[in-house]
Every structure is written in structure tokens, then in C-alpha cells.
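Working notes for the structure below.
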Amino acid sequence: MIKIQPEEISSVIRKQIEQYNQEVKVVNIGTVLQVGDGIARIYGLAKVMAGELLEFEDGTIGIALNLESNNVGAVMMGEGLTIQEGSSVKATGKIAQIPVGEAYVGRVVNALARPIDGKGEIPTSEYRLLESPAPGIISRRSVYEPLQTGLVAIDAMIPIGRGQRELIIGDRQTGKTAVATDTILNQKGQNVICVYVAIGQKASSVAQVVNTLEERGAMEYTIVVAENANAPATLQYLAPYTGATLAEYFMYKGRHTLVIYDDLSKQAQAYREMSLLLRRPPGREAYPGDVFYLHSRLLERAAKLSTALGEGSMTALPVVETQAGDVSAYIPTNVISITDGQIFLSADLFNAGLRPAINVGISVSRVGSAAQVKAMKQVAGKLKLELAQFAELEAFSQFASDLDKATQNQLARGRRLRELLKQAQAAPLSVEEQVSTIYTGINGYLDSIEVEDVRKFLAGLRGFIAKSYPKVYEIVRTTKTFTTEAEDLLKEAINEYKKNFSATAA
């Protein structure tokens, strides 16, 4: 039997007394009064901040949104199925923040920036607030660099610049996501980090986009943030801010970023659901009064930063879905007024076989030619004018039976120019290819080609120039201008290819 010496006991007690730390910890704790539908009402959180993160007993995280006189209304970032009336809630003293870093590139994450692609954890050490203030006036400079989408109709007539916010708007199934994903594919080799935010979409649709990006090697510079249709409204509401925060990390490091929010109608619906459950007074179309601020504070974070801040940029392409082409509904008008222009996709044009179904007449870019390279400016001006005149004449020609020769010629050219704007999905064109394509159309080289052969002719011509007259593309690519030398070579190439094409067609 071991004998314990009294001195040993006393030394152990003395040591314990010396190590005793009389630290007082103050924790702000409340009690759940009511819970359900992703909303909790809590009593007793006296010193909670608006937007502060709360921790429930089962580990679920919530955000305090409604601070009322006798209770706090919080939304939960999870199911919260085990939370009961009377269970305790702890205020964390933190505002919502997410980890950020280079390691996120090529990954698929949720609104809390946690990986959902099964490729393991993402190593990061930096954090950024989910709701950061937008850069001020002095922190910005005007948009002057082009962001090429690879789509002729957009790059020629509705150009987008780095740091711009351009809305993509249209009915369901008109190719809005296709325009956005084509823009991502076209950023390959341009040193642009792309963030694709999928809000409230079918998991199958998101998987399809991710597969397309992986197949084309675009995931190497892309981050996908996804909250599917079955996700809690809180997470669908937060997803766009997560995308903006991840892009901001790169923007403030002097990099160029492109963020696509697909789509903000779903985010507004999720926010409406949260607000109505929190018993906030409904406004127009039952949306809460601050739904404009919901989108403005998100889109104002897109900017072209000043030289002092490293000249980084964040370009935002928000997507909004309309019902039966009604652009005067609440959310579409809100987002149109916040953005620097809109690309309107028409269901009628889509069904008529014009894809991408861009309605050039009511689409606009408020940055304009400042976001175009000189070569594109040289050829694009005439294209827009010819198409506008064609649209007017086409409407008139439906009523007139006998048209003069000049009008018939103009209509014939207009039909060929419209063919020129058609493009297959996931087949973006480089600037030099676009310039040569538009030049061919506006200078009458397509007038003798049958309308149904125009696309085949142009595809063959682009390949022929790349193979036999590569200097044309090289001049435009390096000088960014369409010089007389390039023009002479291009004329020669078109005439030579046209002879061969006519011979094979015959």
C-alpha cells in the first residue's frame, strides 16, 4: 500500500491555489421564445448588434436582423431542427465574415465559403467581412479597359468594360446563363478571376455549368458559389455577398475579377420570404421597403479602383428574370437603375432562331465605346447603324408591296448582318476574329452569299485567315487597331476565300 505523505498533499494544494485564475467571462445569453420556418424570436439579448452572429445550443448559427423593444428576430443559417422553445442562444460579438484566399480558385463552395465539391478543405488564413463598404468616389477611376465577352453582338454594340455593372435581363429559357458562361470561357488567358454565383437554381443546372467550365479548362480561374433551390432562404440571400467578398479579395490585390450573380430575382424572393416571416411590413409586390438597398449595396461593390489602390477591378454581370418580357416590374426596374446598362434577351428572337437572342434596340451600355479597343470602334459604329435601319425597314416592308432596289438591297444586307450576329453556345470569338467578321459584313462581301450559307462562309473565312493570312490577326492583336495594312490583307483574304467558296458551292 502506497503511503501518501502530508507534505505532498499540501504542495499539490499549494500549486493548485497558485495556478487558480480568477477570470470573469461575460457572455450575452438569450432564450428562444419562438422558432420555425428558419426564423427564431429571442428574449434577453440586450446588447446584440444588427447583423451580429448568434450561436444556438445545437451549434446552428443565426444572424440578428430585427432588434425590437422586447425581443430579437433572427434568421438561421441552417435547418435548426433541434432548437426548442426555451433553449439558450449566445451572442458571438462578431459580424458575418468568410475565409478568403487564392486556394478558392477552381473550387465550388456554399454561401458560408465551405467546399461542397468533395475535394477536401480549403487552406486559408485570411478573413473578410461579408458586408464590406463599397469603394468611395476617390477610390475609383473611370472604366476604360474592355472586358471581352467573345459574343459579337455584345462586344460590338453593347461593350462591357472592366469595373462596369451590366445587367443581363430576359424571360426564363432565353439564354441568360449561356451569355454569362460564354463570358467566363472567353476570359481564358486574360488573367481575370471569375466568380459564378448560382442562387436558388436546380442542382442539375449548376452541375451542368460546372461541367462546361471544367471541360473547357475554365475552372482554373473560376470560383463557383452555389446555394440551390432547397437551401434555406438565409443562405440564398447571403450567396451573392459571398461571391462579391471572394472577388474583392483579388480586386484589392490589383487583379481583375468578373462576378456573375445568377440570378438576383431569386435572391430578392429569398429576402422577401425572410422579411415576411420576420413580420416586416410588405411594400410593392410584397417585397420589403429595403429591397432596393439589398441590391444597390451589392452592386456598388463592383468598381475600377484608382492607381493608388492598385488598379484592380470587379466587373458585375447580374442576371434578372422577367415574367412575359415585363421589364417594368419592381426588381427589374430597381436593378436597371443601379447598373451601367442592360443586355435584353428576347423570347421572340430566341424562338425565331437568333441566338444569342439579344435585342440590340433596347440593350444599352452606359460606358459605351470607352470600353472598346480602337479596332472594334473602327468597324462597330457602322454595324449598329445598319442594323437599326434594317429593323425600321423590315417593319415597314411588311406593309409595302413594291420596294425600290436600294431598299431591297438594304434589307438583304440586314438579313446577312443578323446572321453574322448568330453564335453557337460555348464558342466565343477573339477580338481579331470579331473585327474581321464585322468588316466582311458591313462592306458588302456577304451580299452575294445566300443567307443560309453566311455562318458557314464566316466560319470558313476565319479559319482561312488564321491559316493563310495570320498577319491580319497579329496586327489587330498587338496594335489593338485596324491598320490600312491589316485592311488590305483582309480584303485580299476575303476575295481569295470567296472565289474558292463560290466554286465549291457551285
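For all residues, glycine too, the Cβ spot is worked out from N, Cα and C.
If you look up Swiss-Prot, you'll see G170, D171, R172, Q173, T174, G175, K176, T177 marked as ATP binding site. Here Swiss-Prot flags S363 as site 'Required for activity', drawing on sequence analysis.
Shown on the structure are the features that Swiss-Prot records.
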residue: G170; record: ATP binding site; Cβ contacts under 8 Å, 6 or more apart: K176, E321, T322, G325, F344, L345, S346, A347, A357
residue: D171; record: ATP binding site; Cβ contacts under 8 Å, 6 or more apart: E321, T322, Q323, A324, G325, L345, A347
residue: R172; record: ATP binding site; Cβ contacts under 8 Å, 6 or more apart: E321
residue: Q173; record: ATP binding site; Cβ contacts under 8 Å, 6 or more apart: A347, F350
residue: T174; record: ATP binding site; Cβ contacts under 8 Å, 6 or more apart: L345, S346, A347, F350, A357
residue: G175; record: ATP binding site; Cβ contacts under 8 Å, 6 or more apart: L345, F350, R355, P356, A357, Q425
residue: T177; record: ATP binding site; Cβ contacts under 8 Å, 6 or more apart: S205, V209, D262, V319
residue: S363; record: site 'Required for activity'; Cβ contacts under 8 Å, 6 or more apart: M157, I158, G341, Q342, I343, F344
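Of all Cβ atoms in the protein chains displayed, 25 besides its own lie within 10 Å of the Cβ of K176 (ATP binding site). Under DSSP, K176 (ATP binding site) is assigned to a helix (H, G or I) in the three-state scheme. When secondary structure is read from DSSP and collapsed to three states, G170 (ATP binding site) falls in the strand class.
For the ATP site, the Cβ centre of G170, D171, R172, Q173, T174, G175, K176, T177 serves as reference, and the other residues of the chain with Cβ at most 8 Å from it are E321, L345, A347, F350, A357. In the three-state DSSP scheme, S363 (site 'Required for activity') falls into the coil class.
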